[in-house]
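Asks: Have a look at the structure that comes next, please.
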Amino acid sequence: MEALLPTLVRDRTTHTIYSFHCIHNLEPYIVIQGIIIQPVCMTQSLEYRKPCVCFPQHQQRTYDYVLVADKVEDQEHPKFLKQVAFIDHLRKKNMKVTKIVHVDKVFYGVRAPKEIFDKYRYLLKVSDSCNWSGDRKCGRIPHSTRIRVVHYILHHTHINTGENLRELQEKGVFEATFCLHEVQKKPISLIICIPDYLFNFEGQCRMSFSWSYFGEKVALYYLWLGWYTILLVPAAILGVIVFLYALAFFNTSPLIKEVCESDTVMCPRCDKWCQVWQLRDTCTYAKVSHLFDNEGTVAFAMFMAVWATIFLELWKRHKAMFVSKWNVFDWCEEEEELILGVVNDPDCHPKEFRHSYLRSTLVLVLVTLMLVLIIGLTQALVVFRVVAAVVLSEGTWEFVRDHANTVAVMLGAVLHYITMQVMTRVNKTVAFKLCEIEKTQSMTATERSFTVKMFTFQFFTLFSSLIYVAFFLGRINGRPGSYVRIFGKWRLEECHPSGCLTDLFIQMAVIMLLKQTLNNIFEFIVPWFKSKFRRNTTKKLERKSGDCNKNACREEEKRGHDPCDICKLHDWLRNYDLNDVNFFSLFNEFLEMVLQFSFTTIFVAAFPLAPLLALINNIFEIRLDAIKMVSLERRLVPKKTNNIGIWTKVLEAIGVLAVIANGLVIGVSSDFIPRLVYRYHYGPCANGEDNVHCMKGYINDTLSTAQITDLNVRKDFFPSQLITGSGFNVTQCSYKDYRNDVDYSLTSQFWLIMAVRFAFVVLFEHVVVIFKCIAAWFVPDSPMLVKNDRLKDKLCRLKEELQQSTDV
């Protein structure tokens with residue numbers, strides 16, 4: 001066996017020499033502010049080196065966890081008795097507990113003995129999936145591992161009444177529980193450390209900070225977010241090119257020219273107050289519609305569908321390199337949970353796998369009811385837009401009255417955003433209750449189940465309204481003389497003659513801008529204000545605690561002794577005044593970004609600038625998340641994992657939905673297919689005319705005529721609505737549809753377009769799916785370097801085990 005060899009390293013920034021100990025001979029290759037050093041462990045084979053994490057001796061925390069409770073004077077009070085009972089149970093497990101009473105608070109510092117971690121490391125060594133971890137190799141247990149083990153023990157310690165720490169907190173026995181930030185790990189340069197890493201993959205400091213300090217789970221979140229942000233760059237550039245392409249032909253498009261110069265009289269768009277109007281009045285609307293409904297969006301939608309697959313495949317490769325470097329390639333969270341259970345209680349019994357058809361059926365029914373409720377809210381938004389359009393058209397403001405439908409769509413989008421914020425809280429509560437009904441086998445399984453349910457609820461909350469606008473708006477509203485009405489009173493909304501895609505664009509733009517901008521503001525400003533308020537209170541408590549000789553305390557701490565109570569209390573108070581964190585802290589960040597990924601890919605055909613908005617948002621999001629996590633919130637419990645969990649499956653499902661949705665948007669929602677059919681079957685070029693643009697007459701071709709002399713048509717309009725602005729009574733008006741002018745039956749052109757739409761959707765989806773499959777096959781999940789390194793490492797470990805057995 002290789003002996004313990006100390007290694008001295010000089011910190012180039014602070015010029016301080018630190019001593020490290022590791023089982024293997026160490027060769028450090030980077031030192032950043034004396035915080036984390038990642039050396040390489042030398043084996044007998046000089047061709048292969050594996051990373052091993054070790055820590056400066058003087059940076060080990062005195063306490064792993066802190067519990068805070070209100071001071072109770074009455075020693076017979078149930079809260080006091082439960083506090084004492086819980087602390088006694090911890091001491092029975094040989095946990096060191098230090099009690100400090102300050103003003104009206106009681107602080108308990110908890111530190112686990114060395115024996116607990118010896119058991120943990122031994123069980124890692126003999127486990128099936130966790131034996132490759134670096135935690136079992138280093139001479140000193142990393143503080144992140146200490147926190148994770150102690151966190152599990154604290155939350156799985158029960159007092160005589162059967163209550164655990166979570167239940168005691170809910171009943172006010174303990175006010176707060178938290179692990180401590182490392183003082184040396186919070187200079188301002190490290191606040192910038194995480195986000196800068198995402199744009200500079202050579203930054204060893206940045207990788208080590210996010211990995212060792214907050215654990216692999218947080219590290220993988222930033223790693224994924226950084227990779228996603230980087231790959232958004234080509235998508236954003238192409239989206240801007242598509243937008244500029246449409247802008248280049250802004251003034252030369254024959255379709256825009258036809259709308260702007262048209263003398264066609266259109267039927268009233270609403271009841272009572274809307275009058276007939278000239279098609280040329282919507283010239284601006286037609287120009288905006290052309291920016292997002294052109295030939296370039298088809299190619300861009302195909303690109304984004306393939307991009308989603310390439311992004312995921314490249315992410316798997318990128319992740320494999322880092323989890324291999326972090327020695328968690330084969331890590332199994334559920335197996336570690338078993339190990340922690342044995343460490344906490346050697347006589348524990350595993351929570352067995354169970355399946356109940358009754359519970360599964362109940363969960364399925366409740367999920368269905370919840371989705372029905374969410375879809376019902378979407379229909380309520382539809383009714384709101386219809387009613388709002390009627391009310392606005394009867395208003396006194398001329399501009400609002402003339403653009404009632406557009407304003408109603410924007411108001412609907414704002415109301416949709418408010419609904420999303422309210423339903424987010426409802427969805428979270430319902431998802432948790434459903435997980436309790438399921439009775440999952442482990443915390444990891446509960447997290448997976450909760451993630452799937454929460455994402456499903458949020459997806460329907462966000463996208464139900466968009467699905468209606470994309471695929472139903474303007475297609476089920478009827479025609480003059482036979483309008484479809486809500487409760488027989490209000491007409492359904494209509495699409496603009498230039499197409500329905502602009503309504504979808506407005507809805508997406510408002511939701512994305514509001515959601516991203518307001519979320520970032522509230523996510524940072526609210527914790528900042530809370531932290532400021534709590535900090536002022538804590539400073540008063542710190543002043544009351546007194547002062548000590550800090551230099552003497554530091555010297556004692558370097559020698560391995562505890563600092564004085566005043567120094568400990570100051571440190572604990574600084575962590576206490578930070579905002580609380582929980583399971584949702586990281587989950588919310590993931591959920592926000594995955595939903596943004598959905599917006600960026602699923603309806604991107606209607607909004608090519610979505611990747612650009614996502615890119616701009618992420619540049620700020622990364623930095624704000626990092627600053628919030630380091631400076632404004634308590635330290636997250638470091639979790640060890642080797643992937644982003646069920647989110648990978650969710651992203652793959654989004655990639656499939658993106659193909660289906662974009663194919664339907666182009667084939668059904670946009671006017672790409674009608675324009676294509678007109679160009680090659682009904683237009684001037686199809687009839688052999690020369691020196692004429694092939695799309696001339698397209699707008700008039702998409703319009704049908706309603707005769708006012710028809711009694712059914714006359715019933716839908718008041719006489720005052722059929723008078724033009726110049727005072728002429730109209731005898732006919734036009735509307736967007738393919739119908740016969742005599743009996744209003746659908747024309748053969750309508751059925752031809754419908755057939756081509758169906759054929760295009762099938763062809764588009766099959767072609768894109770083939771490209772996605774080729775891309776997934778072409779890009780291996782793991783680089784060959786990672787596979788070869790792991791192969792060599794396994795060989796080295798087998799040789800070491802054989803050598804140890806022969807020595808014994």
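Glycine is no exception: its Cβ is also placed from the backbone N, Cα and C atoms.
All annotation found in TrEMBL is predicted automatically rather than curated by experts.
Got these off TrEMBL a minute ago, pasting:
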type	residues	note
DOMAIN	212-791	domain 'Anoctamin transmembrane'
TRANSMEM	221-248	transmembrane segment
TRANSMEM	297-315	transmembrane segment
TRANSMEM	361-384	transmembrane segment
TRANSMEM	404-423	transmembrane segment
TRANSMEM	455-474	transmembrane segment
TRANSMEM	593-620	transmembrane segment
TRANSMEM	644-668	transmembrane segment
TRANSMEM	750-779	transmembrane segment
Asks: Between the stretches 221-248, 297-315, 361-384, 404-423, 455-474, which one has more Cβ pairs under 8 Å with the transmembrane segment (750-779) than any other?
Replies: 297-315
Asks: What else in the chain is close to the transmembrane segment (455-474), if you only count residues 6 or more beyond its ends and a Cβ gap under 8 Å?
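Replies: Non-local partners: 367, 370-371, 374-375, 377-378, 381-382, 409, 412-413, 416, 419-420, 423-424, 427, 430-431, 493-495, 500, 503-504, 507-508, 511, 591, 594-595, 598-599, 602-603, 606, 650, 661, 664-665, 668-669, 736.
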Asks: Any chance the transmembrane segment (593-620) and the transmembrane segment (297-315) have 3 or more Cβ pairs under 8 A, given the pairs are 6 or more apart in sequence?
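Replies: Stretch pair touches.
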Asks: Kindly say whether the transmembrane segment (644-668) and the transmembrane segment (361-384) touch, using the definition of 3 or more Cβ pairs under 8 Å where each pair is 6 or more positions apart.
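Replies: Taking Cβ pairs at least 6 residues apart, the transmembrane segment (361-384) and the transmembrane segment (644-668) are not in contact, as fewer than 3 fall under 8 Å.
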